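S.K.: Pasting a structure below so you can have a look.
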C-alpha cells in the first residue's frame, strides 16, 4: 500500500490534517487509529452530561497511570487519553478554551517560532470554529467545530459564581476566548446545536470520510515508523488482535499525531530519541534527539466543594429514577440537562502581581462530584475546580519495552517546585474568599472539602498531596523550537530527519493557560497549510487585553471566610 501521507492518530489534530489534506482529490491519505469508531449510538461519548463515563472504562480511554509521583505522597495518578476516532476530543470535558493571547506570544519569542504569535494563530482558531452566537473578530462562523456559548438562566449557580468573582474584585469578561481572558464569565463548549459532543470525528471526519482519497483504519496500533536512512518512508502497525504487522509506504510524509503520551513512545520505538534509553531495549538508533519524551507538562487541579442550601444543584440528576427522562429529552430533542457538560461558568485570574497573565483557572460545576463520576456527595452541592496554569515542574514519557501495547513510564513530577505550592495555597484561599461573597450567600452552606479545619500552609499542602488530580492536559513531550531539547521545528518537522512531522499537543513548548483541545485543533489547521505549502492566513488585527501592571483585583476583601 502506498499513500502520499500517513497520519498516525485520529485525534484533535490528526483528523484536522486528514480532512484538510484530502481536500485535494489528487492527494491520498491513510489515517491510522489505534482505537475504534466513535459509535454515535453510545451515549457515553455523545451525551455531554455523560462526560465522566468514558473515563471509567478502557473502550475509549487508554487509562494510563503515572509512576509514583514523589511530591504527591507517591500516588500513582490517572492519565486518561482518548482512544477512538476523535482521540481525546471524544472523551474530554468539552470546554472550549483557547488559552491566553500571551501564551502564544510567549512561544513566538523563541527564535524561529515568530509566526506562532497570537495574531498569527487567531485566524486558524476562527477557521476551525462555528460559534452558535455568530462570528466576530475572535470567533468563526463556518468552521467544522461547533461551539456553544452558555446562555443566561440555565442555572442560577452559574451567574452567582461569576458575580461572586466580580464582587471579590476580579474582572468580569463576557468572552473567555475573546478580547480579554482574564476574569470570570461564561464558558464556551464543544457541543453541537443538537446537544451532541462536537469531537473532531464529528466536525472534521464526517465531511471527509466518504472521500475516495482518504483511507481510515481503526484498531490499528502503530508499532514503528519505517526509515530509509534519515528519511521516514512508511509505517508498520498491528491490526486488531493480529500479531502479523501491516505496512504502508508514505510517498511524501509521515505525520505523527498520537498525542503527548503516544507520540514520543512511537518515536522512541522507531529509533528516535535518547540514545541511552533506546540502547536499553536494543532499538537501533536512527537519530539521537534527547528531548523526545522530556518536557512533559500538565495542569493539576483540585475541587473545593460546598453544600448548596437551595435545591438548585444537579444532585437530582444523579438519582437513577430521574435519568430516563433526562436521557429521553437529550436523545429525542437534544435538550435538557443531558445536552450540557455543565462547565458553563469559569474564570482566569492572577494570584499575585508577579504574573503578567492569569496563572489560575476556575471551572464551576453545579454538583459536588469527582471528574470521573466517583465520590458524588449525596446532597445538593456545588464545587470549584481550581488549579495553576503554568507550573515549572517538568516530567517525562519513556518506553518500558519495544512492545507497542506496553504502556510507557509516565512521570509528571507534579508539585516539584516551591512556586507550585504557593500557587495552590493562594488558589484555595482565594476560592474561599470568592465563595463567601454576597452573590453566593443564599446558596453556600458548609465547606465539604477540604473543610474549614484545613487552614495552615501545612494542612493545605497535605490536602493537595492527597487530593489534587490531573486536568488531563498533558503536552510538551516533542517540543517545538531550536534549542538542544527541542524535537521539531516551527513547521513540525522532526530535527535531523526528513519526511516526518509531529502535529499535536506534544509540540507545545510551554503549556497554555487553559484547556488544550481548541489549541491542538488550531495547531492542526495551521500545520495543514504548512504541509500543503499554502500561504498562511492573513495575520489578525484584533486587539487583546494585556494587564501591563494593572492590579490583580480591584479591592481586598474584609469578609470572614471561616
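Every residue gets a Cβ built from N, Cα and C, even glycine.
Sequence annotations record features per position, and here Swiss-Prot assigns active site, proton acceptor to 473 based on sequence analysis. Marked as FAD binding site by Swiss-Prot: 4-33.
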S.K.: Between residue 24 (FAD binding site) and the residue listed as 'active site, proton acceptor', how many Å separate their Cα atoms?
M.R.: 33
S.K.: 10 Å Cβ neighbour count around residue 473 (active site, proton acceptor)?
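M.R.: That number is 23.
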S.K.: Applying a 10 Å Cβ distance cut-off over all chains shown, what neighbour count does residue 8 (FAD binding site) have?
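M.R.: Summing over all protein chains shown, residue 8 (FAD binding site) has 27 other Cβ atoms within 10 Å.
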S.K.: I need the least crowded one of these binding-site residues (4, 12, 20, 28, 32), counting other C-beta atoms within 10 angstroms of each C-beta.
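M.R.: Each of the binding-site residues 4, 12, 20, 28, 32 was scored by Cβ atoms within 10 Å; lowest is 4.
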S.K.: About how far apart, in whole Å, are the alpha carbons (Cα) of residue 20 (FAD binding site) and residue 473 (active site, proton acceptor)?
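M.R.: Approximately 25 Å lies between the Cα of residue 20 (FAD binding site) and that of residue 473 (active site, proton acceptor).
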S.K.: Sort out the sequence-distant neighbours of residue 16 (FAD binding site) for me: same chain, 6+ apart, CB within less than 8 Å of its CB, listed by position.
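M.R.: For residue 16 (FAD binding site), the qualifying residues are 128, 200, 204, 521, 524, 525, 528.
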S.K.: For residue 32 (FAD binding site) and residue 473 (active site, proton acceptor), determine the Cα separation and express it in whole Å.
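M.R.: The separation of the Cα atoms works out to 23 Å.
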S.K.: Which of the three DSSP-derived classes (helix, strand, coil) applies to residue 20 (FAD binding site)?
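M.R.: DSSP call for residue 20 (FAD binding site): helix.
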S.K.: I want to verify one value. Collapsing DSSP to three states, which class is residue 12 (FAD binding site)?
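M.R.: In the DSSP reduction, residue 12 (FAD binding site) maps to coil.
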S.K.: Whole-number answer please: how many Å between the C-alpha atoms of residue 28 (FAD binding site) and the residue listed as 'active site, proton acceptor'?
M.R.: 32
S.K.: Residue 4 (FAD binding site) to residue 473 (active site, proton acceptor): how many Å between their Cα atoms?
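M.R.: Approximately 31 Å lies between the Cα of residue 4 (FAD binding site) and that of residue 473 (active site, proton acceptor).
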S.K.: Once the DSSP letters are reduced so that anything not helix or strand counts as coil, what is residue 4 (FAD binding site)?
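M.R.: Its secondary structure by DSSP: strand.
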